[in-house]
């Protein structure tokens, strides 16, 4: 069943935006040992510094995808991050973070969502393949109706827009694309119990084939322009307003077999006051 699930793709044949790492992103820190060349970005972490890059443009709605080959071997304590974020204390943010582990142990995919500066919406998963052996596609699909996190075109998480019911949704701020590799051994692996082994440094995460098929943010006017239901705004079409039956099967299979944490079931954390979106339909 897994082979059948993973062979299904969710995106149609849409003309790609003419963009790659060298045209669309720039290094922001750790520039002394990170590199961008054409379609490829290499981020490096050693004991002196991690490294990071960000997109030159901000976007509001669309599909952001990147192929990533994570740090191999003993990656405990390291975090490879790939996310969208606006600026300021009231930021919106959509996260993929990959938490390293000891050799032979699985990576944890940590997803989160911030709206108007408030997060604490974590869901975590194990991957069903070795993410260090080859490049795999990680996509954030974001439109006025829902956000979907995809791994190799398989949906692993959905967050729907219930703004009319008082639940905030990221739809009024442009977001840049960010990537980083950094040391987080105070929490990343087994809650900080396993520390980074610097004998294995330098650690390298490889990124390839960045694509932003998305609405370019041009200020407040974009709030309406990027959400308008027009042919140019393909992400607003009916086919992207909810998952197909097959995609729902994929999502449920992942959640039943590979989800390891869901904030919506963590009653101790919220003292029994589960966030309201947890009671709303998400699929």
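Note that Cβ sites are derived from N, Cα and C of the backbone, with glycine treated the same way.
Annotated features in TrEMBL:
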SIGNAL    1-19  signal peptide
DOMAIN    4-207  domain 'GH16'
ACT_SITE  93  active site, nucleophile
ACT_SITE  97  active site, proton donor
CARBOHYD  101  N-linked glycosylation site
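In the structure as shown, the Cβ atom of residue 101 (N-linked glycosylation site) sits within 10 Å of 21 other Cβ atoms. Long-range C-beta contacts of residue 97 (active site, proton donor), restricted to its own chain and to partners at least six residues apart, with a cutoff below 8 Å, comprise 79, 80, 81, 82, 83, 109, 110, 111, 112. Separation of the C-alpha atoms of residue 101 (N-linked glycosylation site) and residue 93 (active site, nucleophile): 25 Å, rounded to the nearest whole number. Every protein chain considered, the tally of other Cβ atoms within 10 Å of the Cβ of the residue listed as 'active site, nucleophile' stands at 18.
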